[in-house]
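As recorded in TrEMBL, the features of this protein are as follows:
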DOMAIN    24-118  domain 'USP'
Amino acid sequence: MGANASQLEKEIGTDQFPANEHYFGLVNFGNTCYINSVLQALYFCKPFREKILEYKAKNKRTKETLLACLADLFYNIATQKKKVGTIAPKKFIARFRKENVKFDNYMQHDAHEFFVQL
C-alpha cells in the first residue's frame, strides 16, 4: 500500500529533503482524510504557515481556540527532529468538531466543505 517514513527516507534519501522542511502525514481518525488534506495544503503554504507559527510564538498562553490548536499542530510538525513521519492531529480535530457540530461525526465530508467552515 503506502511506504512508511523510514522506507521513504531510504528510497528517496534524506538529501532530497530541504534542510528546514518537514514532511509529515496526519493520522486518519475515521473519515478525517478531508481534514488532513486541507491541513497539509495549508502547512505547505509557507506564508500562511509562518503567520500561524508567529501567532504561536506571540501567544504562548492562549485559550484552546481552533487557531491555537492549529498553531500547536503546525509547531509540532515544524519542530520534529525527523524529516518525515506521522503526527496525530487529535487536539485540532477534537476542537474543530466541538465548534462545528455538523462535523462531529464519522460521516464522509468534503475537503472544500471543511475549508469553508474553517
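Every residue, even glycine, has its Cβ placed from backbone N, Cα and C.
Source: prediction; values computed, not measured.
Residues in the domain 'USP' (24-118) partition by DSSP class (helix H, G, I; strand E, B; coil) as 57 helix, 7 strand, 31 coil. Mean per-residue pLDDT, taken over the domain 'USP' (24-118), amounts to 92.
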